[in-house]
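Trainee: Straight out of TrEMBL:
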- 12-32: transmembrane segment (TRANSMEM)
- 45-132: domain 'Ig-like' (DOMAIN)
- 140-233: domain 'Ig-like' (DOMAIN)
- 247-334: domain 'Ig-like' (DOMAIN)
- 339-423: domain 'Ig-like' (DOMAIN)
- 430-516: domain 'Fibronectin type-III' (DOMAIN)
- 500-524: region 'Disordered' (REGION)
- 503-512: compositional bias 'Basic and acidic residues' (COMPBIAS)
- 521-614: domain 'Fibronectin type-III' (DOMAIN)
- 619-721: domain 'Fibronectin type-III' (DOMAIN)
- 723-822: domain 'Fibronectin type-III' (DOMAIN)
- 882-904: transmembrane segment (TRANSMEM)
- 943-978: region 'Disordered' (REGION)
Amino acid sequence: MDGTHPWLGFGFLFKSGFFILLYLGCVSYSFLGNNVVCCPVEQLPTITEASPSSLIAFPFDESFPMTCEAKGNPEPEFWWTKNGEEFDPYQDPRLIKEENSGTFVIPNTGNLTEYQGTYRCYASNKLGTAITEEIEFVVPHVPKFPKEKIDPIEVEEGQPVILECNPPKGIPPLQIYWMTIGLQHIEQDDRVSTGLNGNLFFSNALEKDSHRDYCCFAAFPKIHTIVQKNAMSVIVKSTNSIMERKPSLLMPSGVKSETQVVKGDELLLECIAEGFPTPIIEWLKIDHRLPDRVTIKNHGKLLSIDRVDEDNNGKYMCEAKNIHGMAVHYFDVSVEERPQFVFEPESQLSMIGSDVLIKCSATGTPQPTIQWMVNGKPIEGMFSVKEFDDTIVLHNAKSTDSAVYQCEASNRHGTLLANANIMIMMETCSPFGKGIGQIGDWSMCLTLSTEFIIEYEESQWEPGTWRELQRVPGNHGSAVLKLYGHVDYRFRVSGVNTVGRGRPSEPTERYKTPPAAPDKNPENIKIEGHLPHEMDINWEPLSPIEHNGPGLEYKVSYKRQHVEEDWQEHVVKRHSFVVKDTPTFVPYEIRIQARNHQGWGPEPKVVTGYSGEDFPSAAPDDVAVEVMNNSLVKVSWTRVHKDKLHGHLGGYRINWWRLRSLLDSKKTHGDKHTLTFPGDQNHAMVLGLTSFSEYSLIVMTFNRRGNGPGSHAVNFKTPEGVPEKNPVFRVTEVQKHTVTLTWAPPLEANGVLTGYLLEYQLINDTEEVGVLQTVDISNPDTTTWVLQNLEAISRYKFYLRSCTRVGCGPRVSKESTTTPEAHKGNWNISEAVNSSKTFHAIEVPEPGTVYTVCLMTNNWVANTSIFEYVIRTRAKGISTQGWFIGLMCVVALLTLMVLIACFVNRNKGGKYSVKEKEDLHPDLESQGIHDDTFCEYSDNDEKPLKGSQHSLSEQIKAEDSGDSLVDYGDEDTQFNEDGSFIGEYAGRKEKRVSMEVKGTTSQSTA
């Protein structure tokens, strides 16, 4: 029977399952025996799968597929170009080809260099040609430093030095390390650092920089390669005095440079300066504050912004400063962007004689250029195609204009390619007619649908629920549907075009398929061993619709692999099975087959799994620790034999804990830390250790069951490092020409603390900053320092760094402004204060007035004050009003009279002892107190206060006599309501003296 029918029909094929042939429009078909043959609808080629634009041939990969898959009708034929020339993979017997595919595979047989190049795949049939983006096949060479003799570098102390690395080119990322031949890292700080180009920069060379084995190591992680440059020798000639100089920039050169960065990438700006003293680098953004995402790295020399965007455009500046001046460099940063499609060309189905518009536009920085192609060839010279800005127009389109049109957008950061299938054909409409298996009585133009969606509903498991069964291209007129047995089906079809999805057709009449044996077996079989002598087998059960009939069950078959034995079989209805009494961790072959009342499913596939795992029974041997630097060690061990693993090797774990600081002789078991290294390894790096400490570690292996036994513990010590930041750094007292600084030692000294480096400079609101002054504090117990001879009413910045024998750590800073000159008045001296008292009240005549209070010891030496403070008393309030004072006096008098009456009634009395009388009425002369014991005063306003100063040549020693004031406490200062001053102090065991010195500085020790 042959013919053409304008209605939907069904044809059935019964072939180990159920297939229905569904006609969707006016198509030609014929019945040839038991097969239905449909007249095919022609279709342009479409690329369905392709390799990425860059394919790197890593040396440890076995092969490299050049993928190119496409669909179309007729079936597309494939061909390739390499570097713009035709390339036929079938002419090279070494390449692996796939039938009916454009894909070929390059095996890693050691001769990959000849395949390096830029490839493009073309898929063609008689209607047109689709193409892929260009695919660059990169064969990385093994990076090597050239063999060269490097002469020793001689330099005078204080001069800059640059050790050039010049690493070889390779697959990024590139990581540079400077170490000695013994793999000791070169310590880097403000003075010594590695640049982005890999060079090692010394802002000023010191005699300790003299070494014969400076080595540059270049690491290429993606190809698992590290290469080493020949060792370099540096000889620093000592000099009696280092010539100080202002900074100049080693990197970059010049005053200004332009930097382009691609949106989404990392912006890196670098400034490395030389000079003596070592310059400090600061970063600014002109007319803006630095973005929040800025990170300053490499000891201040590198500015980094991750994932940059348009907001990071602008001008940036680095300043290199020391006490002799500064050097600057300006960076003009522009953020650029890879091409991105704004309008991607779309496939179209158009009628002969119509005007077809194909639009393609892209954005990017620089603005991408657009190139149009037809069937992979440039569009220039085609008279029927007109180009207008971002659109090409096919005027009065003909059937010969049917083709694959390509739009390629590119700038210097990348290329995008899009294919658009343009089909020009006669307009034909075919209504879906009525009849057996009708889809409905509404009309549809087959040529206006880009896709058909076929849905089904069954009445047993999910009645009323429509589920998608298959999608069919809009230029197809039929579809073969695979159905399950023992299911009552009905179908409906929806059309999809560029506007959207249309309403579905009316459902067909129901059709129930007869029961049949299962046509599939369970999938996703998992073999696990939760216990050592068991094997758990689980699988994904067949869904109810996949049963194909009643009575579904599963046959589980298993046997040990590589052992001559029969299959053990069990039939179960559930979707899991546990095999008991298995040996520990041995391989098994497993297969699972479905069956129902109609028979068995297809022959099952054999999968391999292992019985239950047990804990590893052995620990790694020969554990050794190599100390790389003060925070990094390399741990190595001998692998555990596979017979001792009793399971799949998970990897190795290193447990370590800190025993003590080398400053402390007492050992403690600190918090345990663990690092896990998956896979079969025999060494690993442990990072983040604390300097100058003793550690202990063990190594163990693990599998899915858990950890094996730990190795013997290995103890090791980390070398000395630089201290942490000081947790406390405060300005505690500010005067006209003096500032008192107080700090706390670092929580982790990371070595033997040798003292502190205190720096300060004037930072008034001017373009130039003051000279950076340095105070080297060699006593590590010092926690207070008084800076003198400062300018009045001036702002200063203070920097503090803790130091060990290795060097000084990071600095902390504070800012403060000295006070204006205070009004000077006459000094008044109070009566002597007994050292056993904890407070003393002073009456002042004028509330709301600024006073200077000075406290002196009984054994006054060299005009030294133990306490001096400027304080303002409270303003006059209710407590100073006459009526209030009178009222309080009356209350006090009445209270006194009542107390006297009580004593008289009890006929009790007594006398003051001489000692008590002396305490109540101290005699200045009897206690050895002279006028010059306390703060001196003068009517001369120009004379400075002496009570707080002493000569640098004089030292103070606190005496141990009981009547001396020891360790004045920093207690709160209070005032009585009448405006009198209450100063609290107390004696303590430890002696603490804070002093000021005539000259530059003075110190206090805690």
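Note that Cβ sites are derived from N, Cα and C of the backbone, with glycine treated the same way.
TrEMBL annotations: computationally assigned, not manually curated.
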Trainee: Between the domain 'Fibronectin type-III' (619-721) and the domain 'Ig-like' (339-423), are there three or more CB pairs that fall under 8 A, provided the residues in each pair are separated by 6 or more in sequence?
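Mentor: Output no: the domain 'Ig-like' (339-423) is apart from the domain 'Fibronectin type-III' (619-721).
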Trainee: If contact means at least 3 Cβ pairs within less than 8 Å, sequence distance 6 or more, would you call the domain 'Fibronectin type-III' (723-822) and the domain 'Ig-like' (247-334) in contact?
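Mentor: Between the domain 'Ig-like' (247-334) and the domain 'Fibronectin type-III' (723-822), which are separate recorded stretches, there is contact, as judged by 3 or more close Cβ pairs.
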Trainee: What does the DSSP secondary structure composition of the domain 'Ig-like' (140-233) look like, as residue counts for helix, strand and coil?
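Mentor: Within the domain 'Ig-like' (140-233) the tally stands at 6 helix, 35 strand, 53 coil.
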Trainee: Before we move on, state whether the domain 'Ig-like' (247-334) and the domain 'Ig-like' (140-233) share at least 3 Cβ pairs under 8 Å, counting only pairs 6 or more apart in sequence.
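Mentor: Checked: the domain 'Ig-like' (247-334) vs the domain 'Ig-like' (140-233), in contact.
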Trainee: Give me the DSSP three-state residue breakdown of the region 'Disordered' (500-524), ordered helix, strand, coil.
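Mentor: Secondary-structure breakdown of the region 'Disordered' (500-524): 0 helix, 5 strand, 20 coil.
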Trainee: Which residue counts does DSSP give the domain 'Ig-like' (247-334) for helix, strand and coil?
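Mentor: Secondary-structure composition of the domain 'Ig-like' (247-334): 3 helix, 55 strand, 30 coil.
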